[in-house]
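Chemist: Questions regarding the structure given below will be posed in turn.
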């Protein structure tokens, strides 16, 4: 079967993954309105393509906080990669390095940070953090990540509690016995409740800054008010995200929220986006609306489910080729030429 676009990988993953794993990756909160809206929102944005612009030489590179990546698509933090492929996050790290892009490793990885680092030495990696009730656990994770050469710390802000994902409740979802949350082994024994700390506030960013020299990127921002607070508290990047529609159902699609956040920060910090990216043209639309880079979550898992590291490279390569083509057909020869003039976007 020829894998031509990302939906081919989705169909493969749905067919071949165990139902409980597929349902976990696919789940949205409640009615899944926000999950689906993330994708539908791109269809409402139209291009204003320019012609006769000399697109014989294309430059699709960009930089994340000063580090060059081959094109503006990175891998968003998602948990439990061994549910998709036996080598789990090690394969993810290798694919990201091979494609010269950024991989954000999750607190909820099924491989240790050390294993992830060793799998792809020298790759650009950020570490995604959930702050736990036991702050010592979080402190140790941050310091381990920094010592291992991770280059950014991504604080997820939208998960004081886990959203209600109906299929996971019906399936009684839990990790198979042979899989472990490798970075948290031992941390749960001291914590009989959910280990996530629902008392986290903006002030905890100061605490995080006291622990590490790494730049802090905050993930889960959807409003201008929170974007302004993020800048004020000294973060260096914002990921506009609704957790793939897995938290509060009825929130905005991320590409719709992007405009408000970009306007609020006025270039003071870099703004990224995840959620709903399924084609290279979606990447172009997000960049036109002010995102510096986008991150893919579920499509990365579909690539892993197809053929591990190789399958994920295929997914990234398809997005890269589609992005390059969309840019050329819209009349942009380099990422620096992409701007809001490229799209018609009615603010509803």
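Using N, Cα and C of the backbone, Cβ positions are placed for all residues, glycine too.
From TrEMBL, for reference:
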ACT_SITE  243  active site, proton acceptor
BINDING   77-79, 106, 128, 130, 156, 219, 241, 274-278, 297-298  FMN binding site
BINDING   165, 243, 246  glyoxylate binding site
DOMAIN    1-348  domain 'FMN hydroxy acid dehydrogenase'
Chemist: Round to the nearest Å and give the CA-to-CA distance linking residue 246 (glyoxylate binding site) with residue 297 (FMN binding site).
Modeler: 12
Chemist: Could you give the Cα-Cα distance between residue 165 (glyoxylate binding site) and residue 77 (FMN binding site), in whole Å?
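Modeler: About 18 Å separate the Cα atoms of these two residues.
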Chemist: If we check Cα distances from the residue listed as 'active site, proton acceptor', which of the binding-site residues 77, 79, 128, 277 wins as closest?
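Modeler: It is 77, whose Cα lies nearest.
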Chemist: Using CB atoms and a 10 A radius, I'd like the single residue among the binding-site residues 128, 156, 241 with the highest neighbour count.
Modeler: 241
Chemist: Pick out which of the binding-site residues 77, 79, 275, 297 has the most other Cβ atoms within 10 Å of its own Cβ.
Modeler: 275
Chemist: Summarise the model's confidence over the domain 'FMN hydroxy acid dehydrogenase' (1-348) as a mean pLDDT value.
Modeler: 96
Chemist: Give the sequence-ordered set of same-chain residues, not counting 165, 243, 246, with Cβ within 8 Å of the centre of the Cβ atoms defining the glyoxylate site.
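Modeler: Neighbours within 8 Å of the Cβ centroid, excluding 165, 243, 246: 27, 28, 29, 35, 162, 163, 244, 245, 247.
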Chemist: Might you list, by sequence position, any residue in that chain lying six or more from residue 277 (FMN binding site) with a Cβ less than 8 Å away from its Cβ?
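Modeler: In sequence order, the residues whose Cβ lies under 8 Å from that of residue 277 (FMN binding site) (at least 6 apart) are 73, 283, 286, 294, 295, 296, 299, 319.
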